[in-house]
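**Student:** Pasting a structure here, questions to come.
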Amino acid sequence: MSEQSAPSPTPAAELSSDPASPLPQEIASALKRDSSGLVAAIVQQHDTNEVLMLGWMDDEALHRTMTSGRVTFYSRSRQEYWRKGDTSGHVQFVKSVALDCDGDALLIRVDQIGAACHTGTRTCFDGRDFTVVTGHRE
């Protein structure tokens, strides 16, 4: 189920080494992409700090996200772009984009409308907590 139809996707691996990256040079050069040319994108609700989901972006998806006000991901399984909410109505409006200290993960802060998860839940991290030994400060 593709949430965005135009334009046809370029394989992410091609974009990672493309000197004509749509991103400003200082951003493109700071990204540490995986072997497929992708960077993890953690999506967080801007006003509550709730972690909503994890998606993947290549240079083009990040460019679209930074210039449209809506979050676009690159689907690893379908190898195409999809903009969150185009078919479901569960839109993610961009509030900020940050790169982590290693350059291999993005934090996309959004205003989420409706469910963030494809299962229909607010967050993709609902109800799957593991039992752990918790640590305490001494």
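A Cβ is built for glycine as well, from the same backbone N, Cα and C atoms used for every other residue.
Marked as region 'Disordered' by Swiss-Prot: 1-23. For Asp100, Asp102, Asp104, the entry in Swiss-Prot reads Mg(2+) binding site. Per Swiss-Prot, Zn(2+) binding site is recorded for Cys101, Cys117, Cys124.
Describe the structural surroundings of these features, if you would.
**Tutor:** Taken residue by residue with DSSP, Asp104 (Mg(2+) binding site) is part of neither helix nor strand, so it is coil.
Around the Cβ of Cys124 (Zn(2+) binding site), a 10 Å sphere holds 17 further Cβ atoms from the protein chains shown.
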**Student:** Looking only at Cys101, Cys117, which of these binding-site residues has the biggest number of Cβ atoms within 10 Å around its Cβ?
**Tutor:** Cys117
